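Everything on this sheet refers to the single structure shown next.
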Amino acid sequence: MTIQWFPGHMAKARRQVTEKLKLIDIVYELVDARIPQSSRNPMIDEIIVNKPRIVLLNKVDKADPRVTQQWLDYYKEQGIYALAIDAQAGKGMKQIVSSSKELLQEKFDRMRAKGVKKPRAIRAMIVGIPNVGKSTLINRLASKKIAKTGDRPGVTQAQQWIKVGNELELLDTPGILWPKFEDETVGYKLATTGAIKDTILNMQDVAVYALRFLTSHYPEQLKQRYNLNEIPEDIVELFDAIGSRRGCLMGGGMVDYDKTAELVLREIRTDKIGTFTFDDPSEAEQPL
């Protein structure tokens, strides 16, 4: 399923999440560790209001560990629980349950004080934009394949409760929430990491953004991957250097810029060049 976000779809997604909030104790806000700010829903704070929340930075294996720690420090300063996880490999799964119990300790203490000897399982809902790994996280927590997974945005379609041991019940929310497109750069970050379909933006433009970012922040990885002694300042020359070295050519030996763009983005997404984080906590648009 491909989600094209229009006002009607946004209103429906918000309504679905809001309705289910009445049923749950805690929200797991799933973001991409490479773009923790850009992969947040723009209205998430409004939508979940006063519900306890844990921010889960997924795909941490693809992110710059130094910047991931900066993001964790940032969330701590904001008074927000945050965990760095890798749902694909199962990293951080136990901490999700233990952190949830810690956050909800007072609530369950009150239940015991009222005579509830054995409080029920924690009820949680995962929210996030498409393709941040929601289904993968559900499958990992449940220790079996329940939710359909894939690399295409918006692959989850049905709504279901998932029991995770005796301590946690997960609500899988269909349609998830829409990404924000507040400015061009956010769109490029979403496209670079594969959070939105490649047909939404021009892939050459996305690759230009990605290469300029890597040139500025991760030049050594870029030089090593493409055997460059120096990185050309001119972006066309950089495309030419990469395309010619990797055989992205048209007839007559001319570099095929479309193929070069596809190559660069594919190698970023599959970690062939290295691990990167495109959002910096110092540039966070607003406190959580």
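Please read every residue number as a count from 1 along the shown chain.
In case you wondered, yes, glycine gets a Cβ from its N, Cα and C as well.
According to Swiss-Prot, the features are:
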- 14-179: domain 'CP-type G' (DOMAIN)
- Asn58, Lys59, Val60, Asp61, Asn131, Val132, Gly133, Lys134, Ser135, Thr136, Gly175: GTP binding site (BINDING)
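DSSP assigns Asn58 (GTP binding site) to a strand segment in the three-state reduction. A 10 Å cutoff on Cβ-Cβ distances gives Val60 (GTP binding site) a total of 25 other Cβ atoms nearby, all chains included. On the 0 to 100 pLDDT scale, the model's mean across the domain 'CP-type G' (14-179) is 85. Counting Cβ atoms from all protein chains shown, Asn131 (GTP binding site) has 23 others lying within 10 Å of its own Cβ. DSSP gives Ser135 (GTP binding site) a helix state.
Highest Cβ count within 10 Å among the binding-site residues Asn58, Ser135: Asn58.
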